[in-house]
Every structure is written in C-alpha cells, then in structure tokens.
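The transmembrane segment feature in Swiss-Prot is assigned to 3-23, 53-73, 78-98, 118-138, 143-163, 174-194, 200-220, 226-246, 251-271, 316-336; the stated evidence is sequence analysis.
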Amino acid sequence: MFLTLIAAIISFMVSAFTMPYFIKFYQLKKIGGQQMHEDVKQHLAKAGTPTMGGTVFLLVATAVSLLVSLFSIKNTQSLALISGILSIVVIYGIIGFLDDFLKIFKQINEGLTAKQKLALQLAGGLMFYFLHVSPSGISSINVFGYQLPLGIFYLFFVLFWVVGFSNAVNLTDGIDGLASISVVISLVTYGVIAYVQSQFDVLLLIGAMIGALLGFFCFNHKPAKVFMGDVGSLALGAMLAAISIALRQEWTLLIIGIVYVLETSSVMLQVSYFKYTKKKYGEGRRIFRMTPFHHHLELGGLSGKGKKWSEWQVDAFLWGVGSLASLLVLAILYVF
C-alpha cells in the first residue's frame, strides 16, 4: 500500500509538472489542435486547444509503474502481470497516437478509418490474449462468484471486452474533465478490489495511473487547456478491461463503467433508431437530442424542458452516476 501511494504521488507530481511544457511546446510549434463539433456551439471556442495530452500521462504512469515495481517486486509472476496490463495500455496508446497524428499533423480529419482502427485494436487484443491471458490458463468468466466456462470462446470475449471498452471511453471523452475523472473513479474502485484480493502489483499500477490522471486533470478541467486525445482515451479503456480480467471481476466493469456503457449505448440506439425510422417513415428520427449522451445533457438536461446544462453540471451528474455505481459493486462484493 505504501508503494502504491509513492507511485501515485510521483506520477501526480511528474504529470502536473510536465503538462505545462507539453502545452507550451504545442502552442509554440503552432500545431493544429482539437476540432470541435459544430452542433454544440458552446464548444466552438475550444477549437485549437492542444490535444494528445494522454501521451504525457501514459508515459509517466508506465515509467513510474515499471521503476517502482522493478525495485520493489521480486515475484516474477507479479512482474509478468504488470507487464501484461501495461502492454495493452501501450499498444492501444500507440493506436490512439497514430489516429491523433493523422488528424493533427497530416490534416486527415477522419484519422484512421473505422476499419483500420478496428483491425489494429483486434491485433492488439490478440497480442494481449496470446502473450498474457492464454498462458495463465484462464478460460472462464467470474459472474457473481460462479465460473462460466467459455473455453476457446474466452478469446472472443477478451477481444470484445478490450476493444469495446476502449472505444467506450473514447466516446466518453467529449467534454472537459469527464473521461479523466470518470476513469479515476473506476480505477479507485478497482484499487479497492485489488487491495482486498491482495493483488498489490495491480494496485501499484492503478495508483500510478490515478496520480498521472489527476496531474493531467489540473489542466483538463473546464476550461480545458489540453485534451487527452485518442492516445489517452483508447489506452485507458483498454486498461480498465485488462484490469477487470486480471482481477477476475469482468462483470463488474459493466456497472463500474456504467458511464461508458451509457455513452456507447446512446450512440448505438440513436444510429439504429434513425436507420429504422428512415426506412419505415422516409425520414430519420432521433431518441436523443445528440449523442454521445453527455451532449444530450448539454443540450437540455435530463428532461429537455429546462435550460442547457453547463459542462460542470454534466460532469457532476455523470461522475455521481459513476460513483454510485462503483459503490454498488463494492456493496455487492463485500457487504451483501
């Protein structure tokens, strides 16, 4: 536990100290910044804000985790577990970096195409499975204490889990501070689970990432001076999926990650309903004012009859939902 605190403090300090230099470098080089969605007019003022800040907190958390673990953890199995989780973080970080690079430096608005991104994500998921999951012999899902054997189909579950939550966190990263603190809440919850399980190696990694994210949040809260970019959001989603697998608590991510699930579901429902109504009535209709869900809240709150919500209101609401969901999981696991 002491080492986790040390890792968190070091990561926070390095991340918070380094981020201003990253922002300044971005501005001095006059690198093109984040593009904004025109349908949310209050976001247009953010155009040009430095992005790819995830590069900094990922490098910090990875370096601190490895350094502290190498000097403190002598168990080869524990080091392998940490390296396994870090590998998927790095792989998905590279995918996100490539996507951001094409958008910002090559002026390709779409970045990677959907097919290219999915292919790279699946390749990264396969590497994670065959190098770190398969050798452990895990082939079942823990559901409320019961083992659901999947056999070879566990491979497809891992791919679905990692790719799905990677993209879900990416969708969540749409307003200042939302994704960074939502992930901190999720990581704190998994930190408690790791502590109860005496998985101190995983706890160390969680602590380092929490510290790095909080350092990043000092510059990502409204009004944001920097965004994490795909390099950060894709890696964080993959990390949460990998941690849930490592702790054998896969099902909990559906509740702990309720915000990401809600954001993704809103997009899927909106697209499906629009296509269905266009085919049936000749015109597409919408369930939400705009998706992902945080934009729906921005444009009229929950009811849609009141005033538009500020980003702080949306943040507070969704952070609250995530916190309550996380407390529910801990209560299910350790109280009821």
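Yeah, the Cβs are placed from backbone N, Cα and C, and that goes for glycine too.
Owing to the predicted nature of the structure, the values given are computational and were not obtained by experimental measurement.
Only sequence-distant pairs (6 or more apart) were considered; of these, at least three Cβ pairs between the transmembrane segment (316-336) and the transmembrane segment (174-194) are under 8 A, so the stretches are in contact. Residues of the same chain lying 6 or more positions beyond the ends of the transmembrane segment (200-220) and with a Cβ under 8 Å from any Cβ of it are 1, 3-5, 7-20, 23, 53-54, 56-58, 60-62, 64-65, 68-69, 72-73, 75, 78-79, 81-82, 85-86, 176-177, 180-181, 183-184, 187-188, 190-191, 194, 226-228, 232, 236, 239, 243, 246-247. Using a Cβ-Cβ cut-off under 8 Å and counting only residues 6 or more beyond its ends in the same chain, the transmembrane segment (174-194) has close neighbours at 4, 43, 200, 202-203, 206-207, 209-210, 213-214, 216-217, 220-224, 228, 232-233, 236, 240, 243-244, 247, 249, 252-253, 256-257, 259-260, 292, 294-295, 298, 311, 314-315, 318-319, 322-323, 326, 329-330, 333.
Long-range contacts of the transmembrane segment (78-98) within its own chain (CB-CB distance under 8 A, at least 6 residues past either end) are made by residues 52, 54-55, 58, 61-62, 65-66, 69-70, 111-112, 117, 120-121, 124-125, 127-128, 131-133, 162, 166, 170, 200-202, 204-205, 229-239, 241-243, 246.
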